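As annotated by TrEMBL, compositional bias 'Basic and acidic residues' applies to 1083-1115. Per TrEMBL, domain 'Tyrosine-protein kinase ephrin type A/B receptor-like' is recorded for 458-506. As annotated by TrEMBL, region 'Disordered' applies to 1078-1121. According to TrEMBL, the transmembrane segment annotation covers 715-737, 758-781, 810-836, 864-885, 891-910, 917-937, 949-975.
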Amino acid sequence: MTMMTGPSQTGEHYPVGLFMIDYAAQHATAELVFILLQEKMGYKVQKMLDGFFGSDTFFALAGCRSPTNLSDRGCGVDGEMTTRAHVAVEGWTEGYLPVWEQLQQDYPSSAPRNLGNMGYQGESSSFVARSVQERAFNAEGISLDFYRDYNVSWTDSAKYFSRLQELNRSKLLPCEQTSLMNVELMKVYRDLTGDHEGVTPLGNGQVIGRCFDGYFWYAPVCRTQGSSKCIPFITGGAGWAFQETFQKATFLGMPLAWAVGSNWESYSTLPMELTTIFYWWKPDPTFLRLDAKALIFPPYDRLQWEKGIARSAATEISIDKYISQDLSTLAPDIEEFMKGFMVDIKDVDEIMLEKLESGKPYSDVACRWLHTNTERWRKWLPDKTKCFARYGLYNEKVAKFVESRTNPQDLTCQICPPGSFSEQMKDANGTTFICRECTAGTFQVSGASTECDPCPKGEYQDETGSNSCKRCGFGKYQDARGARNCTQCPAGTTTVGFGSLSLDDCACLATTINIVSQNSSRNQSPFECVACSEGLQCPFSSSLQSLQTGEATLGPQYVPHVLGGYFSDPEEPLMIYKCRPGKHCPGGKPGECSGGRVNKPCASCPQGQTWNGKQCKACTAWATVLWVTGLLISLAVLLKAYDFVDSKARAEPSPFQVGKIASSIAINVVQNIAVFGLMSVDWTNTVASTSRSLRFILLDLDQLSLSCLIGHGNLFRFVVSGLLLPGATLVLILRWAAMRFKYPKWWPQCLRAKVWKFFKTVNTIGTLLQVGFATLSALSLQPLMCYRHPNGSLSLLKYPSTFCGDSEQIIMVVFGMALMAIFVCGFFVTCSWAIWKLPAWSGQSRHEMVQAFTFLSSKFRLDVWYFGLLLLMRDMGLSVIVVAATDRPELQVALGSITILLYQSILLRVWPWKASVLNVADTACSICLLLLISQSLHVSASDEDFAETFSAVIMVILATFLGLLGILCTSALVLSRSSCPSTGLKLLHLGDRIQAARISTALKDCAKGLLEIEVSHLDKTLEDMNTYDLEALAATITLVSMEVLADTQYNFNDRVALQAVSRRTRLTRVSQVTAAKRSMRLSVKDQPMDPHQEAEEHREEHLEEDAGQRTEAASKTRVRL
């Protein structure tokens, strides 16, 4: 059997629902419908015997979920209810007209449809059994079917009916339980009829019906004629139609004694047991056996009935049939069948009577009726080839939809499937419908449709007979309905997904940006996608407008933005600049800077403000005061440096000298870390922040609020920074030169400054330039440290707002090269020359020259006097690396690592520092620097986390080494001034020192032993020795020759003599110096001697005499050897 298919969105299949109310006439007619739908039309039908009232049918066919629940029918939202009841018969629409009209108004899309009368009318009236009528007719020739037949003036009709005394009172309702007690209705009756005797007053104008004998109400004629002339009238309920009955009895003079059956059984049996007039309706099987006839009253008077006057006959009620509103879509042939379904009241009575007589179910009785009335019901069935809208001709034999019914055999009507539509066709047999495939560009998803829908925008269909459309793919759109293909987006653009609706859905690909303005002319292409440069994040659909506004139609994830560490000017948003350091540029919209910074690319604070490390803050007067104070303190320290750095050189350094050397190592490490910060390497936060905080040692004084003193001009700031060390050098020279002039005689001795010696002044200046060599190297090369922006322009690494090639940068280059030539290269060449000449000056006893360059050699062992030059080379090399590979961080790391590694290798090879603790400290610091620079090339997020932790650990270790070095030096200095000086030396040398007396004894014993060995044997022994052993012997002979014997004729290795750096001279030199000084004193005896100068000269004379005596003794020893 065929199941109906629900709406397309559910695709559910369900049977035809036949809704029924449990009363006989509906059972009789509904069974006819059920059998024909199921057996002749092939539908599966489900009986739904749920109703109690006629109005329940309306709500069931409307799709309400609980149609029999009077308090809540469960109807839901109009148009969204799914109907499961589709057909109903035997409906009394007029009886529930207000409910019907309200349902049509509230649910216009779901309310059921009334297909009209089903062939007969329903009536309710007063009935008389045919047997009574026949008896009266036979006796007097009256039929008792007309109201006038009951007029007591003409005839005594009561004699044909039972007496009131014959009625069993137990089967009647007492008056107080009937409608006689209805105050309002009885008042209406009294007012309309004027029958005051038929009511009982209650006061206040209220009345109830007058009760006779406890069970009856007597009509006026009955009251006047006596109860013997009354005809019993039986009704049910509480008094069905009592208002109508009372009025007719009063107006028409009928002698009725009205009573109510106590229940349904009493109501239905009393007319069967006695002869009475009774209230009944048709069709109904209750009194069919009596073959009762309705009394004929005056014709229906509409005007009277509208006034409430029921004197005339009531109008007949149409008995209707209904279908659900969606049945015409689900099964139009059932609708056609229901329209043709017509039965007569006699047919209905016949079926109900047979059911009463036979006791068989209605289904059997209806089936028998159908068998005997074949010609009647065949007319109800629709033509199999007469298809309705949404259906089409279908050949069941070939299982195919056809477009002709020339040969009607095997043809039926079926719902047009998805991908097709139902089209009307006319032929010789009339009108029918056929199914046609949807054309290209259209579709039909649900079937059962009279047309195909055009494909919506964003979709297309290039095939026929489709039940859906295809969405336009990526990079395509469709802005018209019913399209057969999609339009390709312009070159360089695509769409965010499938099904794009217009050209506006096309947008530039990710990593590109549309630079066409929204205000461009219509003739101009709406797209010009260009590649986004480094530093600009361009998601799909990026445009110049969304970059500037920070908003995008598709959502925030589609907004292009400048990446953190980059900057772009709002006037030229696509010109991307790289920020140094990156934290100054937070990214986002063009022009965004952090901390209130301004200019390109977030290079400085506004005028009158300075950077405090986190944000720009207003300059205060304290900044100027602090700078002036700092300059004065620096000047005082600089002048005091003459005495500080000019201490006596020793082969064995004192704890104080070790402390000074340790300080220089620490300063050099700090300088190197600061230089690391100049590299374009992506350092970890720990290294970057540390390097920035140490940048002042490279004379980067911005963090010390220098801009508050001299402004934000890059050129001026650079020149001021570059002149600090040369200025300090000039101060030292002027201090030395000023003391070349003689004081007037009257000048107080206490105000006369100490005279600076030339070679000591040179050593002081050399020390200053040596300490600041790394600083000057980096500073002078800053104008050449250009890094490249993503837009192709170049900026200075230190001054990003100064662009390479500008006049300002050129002036900086000139100034920087002058610094490089004079104070970096000049100083390095001078030091290289001095390193080369030191051994010769030492051998030539040019001790003043050696002492002028003590700053180069005094920190190291005398056989490694040249190591200071390697330090200078390392410092200058790291600065040159920044210039040579500014935009190549990986090359900077490689070259920096090589530089530190070469220095470390030489350091481990020669072990140059005079104290072991210094060598260990320098080695440890170099290893830490090498590890720091090697971890800078992290490439992933996980590597970055590790690098951050690793670099923090290295920085802690480095600080720990320097701290321990300081503690050791301090401890040794304290111990050297206590009673345990040897313990201080142990700390500095990380162990015990061999006693000099032991070495002296061993050396003499060796000398005696060597004198006893034959030269040939000694030659043979030395020939068999290892090269390293021979070099060790040669170094020992050189050491003994220069330091013990004070003779340089056995110099196998270059070495600076200790006497050259400690001011010891030969005896002849003592005589010459002493004589010269004495003659000088005699020549200037009239001039008072500076007491400080005199004391210094006496001290030097004693040292020289002591050295002379030792030299003479060494010469005698050599003669003996």
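Placed from the backbone N, Cα and C atoms, the Cβ positions cover glycine too.
Residues 676, 679-681, 864, 867, 870-871, 874, 877-878, 881-882, 884-885, 919, 922-923, 926-927, 929-930, 933-934, 936-937 of the same chain sit 6 or more residues outside the transmembrane segment (891-910) yet have a Cβ under 8 Å from a Cβ within it. Sequence-distant contacts of the transmembrane segment (810-836) (same chain, six or more residues past either end, CB-CB distance under 8 Å): 714-715, 718-719, 722, 725-726, 729, 766, 769-770, 773, 776-777, 779-784, 796, 799, 802, 849, 852-853, 856-857, 865-866, 868-869, 872-873, 876.
Count of Cβ pairs under 8 Å against the transmembrane segment (864-885): among 715-737, 758-781, 949-975, the largest is for 758-781. A mean pLDDT of 91 is what the model gives for the domain 'Tyrosine-protein kinase ephrin type A/B receptor-like' (458-506).
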